[in-house]
Ligand SMILES: [Zn+2]
Ligand SMILES: [Zn+2]
């Protein structure tokens with residue numbers, strides 16, 4: 001966390017309390033929170049920070065590629081401070097979103113390039129299923 005100043009300087013971003021708070025919060029979680037969840041989580045420590053500010057801050061952090069937006073088929077984005085390309089899996093029961101570790105689909109970019117006339121920038125792969133705790137809940141009924 002002590003290199004936050006360096007990271008922001010490299011990205012030519014001004015270190016504002018809001019940016020630090022949002023970024024720190026995202027680094028601390030693997031839950032892929034939405035803007036609303038981040039807003040609620042920070043409300044106690046930053047009571048003057050509005051939801052609009054959270055959205056604006058998330059957009060700024062996304063633009064400089066400090067965080068990534070993910071869209072698992074909901075009306076809004078979720079956010080991830082892990083910017084290394086990785087697939088996600090969403091539970092269709094409780095809506096939790098997890099990282100899938102140990103596999104990458106980056107090699108598909110070249111295959112897709114061959115199949116289309118596109119210059120491929122990247123891909124985002126989402127899987128859907130039922131998480132362990134929801135499986136347990138469902139089978140206990
Ligand atoms: Zn679940
Ligand atoms: Zn992730």
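Keep in mind that glycine also has a Cβ here, set from the backbone N, Cα and C atoms.
Taken residue by residue with DSSP, residue 91 (Zn(2+) binding site) is part of a strand. Taken from TrEMBL, the feature Zn(2+) binding site covers 91, 94, 131, 134.
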Discussion item. Around the Zn(2+) site formed by 91, 94, 131, 134, which additional residues qualify by having Cβ within 8 Å of the site's Cβ center?
Written reply: 92, 93, 95, 96, 130, 132, 133, 135
Worksheet item: For residue 134 (Zn(2+) binding site), what residues in its own chain, 6 or more apart in sequence, show a Cβ-Cβ distance under 8 Å?
Response: 91, 93, 94
